[in-house]
Amino acid sequence: HLQVEEEETLLAELQQLKEEEEALVQELEAVEEQRAVVAQELTQSRTHSQQLDTEELQYQKEYSEFKRQQLELDDELKSVDNQMRYCQIQLDRLKKTNVFNATFHIWHSGQFGTINNFRLGRLPSVPVEWNEINAAWGQTVLLLHALANKMGLRFQRYRLVPYGNHSYLESLTDKSKELPLYCSGGLRFFWDNKFDHAMVAFLDCVQQFKEEVEKGDTGFCLPYRMDVEKG
């Protein structure tokens, strides 16, 4: 929405600048015509007698004033042109900006994939805090949820529920069954396998997303192969 509003604002400014430019061009042409008339009259006055010296001086002053106005209008016209060029550049930049790339920065840190600088995973030698992992899962769920909505894709078997660092999946066959994509560690992590089931369910949704994209783009390919058990 911010991007759409920014584009609309720039388009409105661009239209206003175009109208100002047209008005300045017309005014500049009028001044040029007046300056030409004064210049012609000035030339004619020089052929007259000495008594026209005063009138000639007045014409000279008017000519100088019109010339000054012309220079000012030229400067304003250049300023409007520069503003129009800047607005057009900003508008083109916004049109080329991918909102997903701007919102979700996916990269890596050492052996871990990252999303918006949150590491997704942990090792015995690198005990990443669960709060960070949960936040990474929350961003990942939000990204897949947004991509699916953009495509009009409704997942089978599960519903993604982005909820920050407490995001989860809801089973469509059992609405009371929630699969949490977050964990606090401890002994419960080893005995409660809901977190494992949630990750499998999430990969199921990723596989569905992949298959949906491939229907319209046969060249689409995820960087890693997945074997997901459905359901």
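Positions of Cβ are set from backbone N, Cα and C atoms, glycine also.
Curation plays no part in TrEMBL annotations; they are all automatic predictions.
Per TrEMBL, the feature coiled coil maps to 4-41.
The feature domain 'Atg6/beclin coiled-coil' is assigned by TrEMBL to 5-91. The domain 'Atg6/beclin coiled-coil' (5-91): residue composition by secondary structure is 83 helix, 0 strand, 4 coil, according to DSSP.
Sorting the domain 'Atg6 BARA' (94-229) by DSSP state (H, G, I as helix; E, B as strand; all else coil) yields 58 helix, 25 strand, 53 coil. Residues annotated as domain 'Atg6 BARA' in TrEMBL: 94-229.
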